[in-house]
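Before anything else, here's the structure in question.
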Amino acid sequence: MQFAKMHGLGNDFMVVDAVTQNVYFSPELIRRLADRHCGVGFDQLLVVEPPYDPELDFHYRIFNADGSEVAQCGNGARCFARFVRLKGLTNKRDIAVSTQTGRMVLSVTDDELVRVNMGEPNFEPQQVPFRAVKAEKTYIMRADEHTVLCGVVSMGNPHCVIQVEDVDTAKVETLGPLLESHERFPERANIGFMQVVDSHTVRLRVYERGAGETQACGSGACAAVAVGIQQGLLSANVRVSLPGGDLDIQWDGPGHPLFMTGPATHVYDGFIHL
């Protein structure tokens, strides 16, 4: 099986063309491939499939390193767009794809950055999903001896965003796994720790469900900005600084889609016998 290794700001992927290759990935195989000592090693596996709808270009599937399938990965979406162009699967600059939960348009810019229409953030608890009596801008959550205030949003996948004074000292490794699998998130969640520098700049670390802390999380950056704007902390255009680099997020508020712009890097092509 041929594959490519790619990354978006250090969030790394194994990308596989299932348009011209017949492939099947069991959870066990994915875990074996994800092993950084005995396999290829990656945060997520991205699979390019033929479109289910003739109006679209491709179907986009995402699997975490633990073998679970998820509906959204923003950094992966940028790599997906570069991959299909690099491999000659399309020469379009605006690429329409379906995901497990919806549709996206991926736009490759002249300088090879990728701008992704992530759709409109959804704050309705049942759509996240998140167990709450009603929608609020902030929720109180308790996990073991910890009590935190957070915002909750879906970017096609569930996110919990906590504002912190300093991301460098945030309790990512302690609170991350506790909140990721909290009973109020029936499908688990990605946990973002956001430091607001000013209305145009945030620093962010994300503990991703099924992957742990990663160098960057595109949908997590989108979620953090959406929550920050909802809470009146941020403007419509925000630079998000993650451990792996920066993303630019634009959201004009309710009724509008959110856009993420950032790089996608091809590292190498490989072949593996399954």
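Every residue, even glycine, has its Cβ placed from backbone N, Cα and C.
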In Swiss-Prot, N11, N64, G74, N75, N157, N190, E208, R209, G218, S219 are given as binding substrate, so which of Q44, Q100, Q231 is in that site too?
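Swiss-Prot names Q44 for this substrate site.
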Would you mind checking how many other C-beta atoms are within 10 angstroms of the C-beta on Y268 (site 'Important for dimerization')?
8
To the nearest whole angstrom, state the Cα distance for the pair N11 (substrate binding site) and C217 (active site, proton acceptor).
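That comes out at 7 Å between the alpha carbons.
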Tell me the Cβ contacts of N75 (substrate binding site) under 8 Å, same chain only and six or more apart in sequence, or just say none.
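Result: H7, G8, L9, N11, F13, A216, C217, G218, G262, A264.
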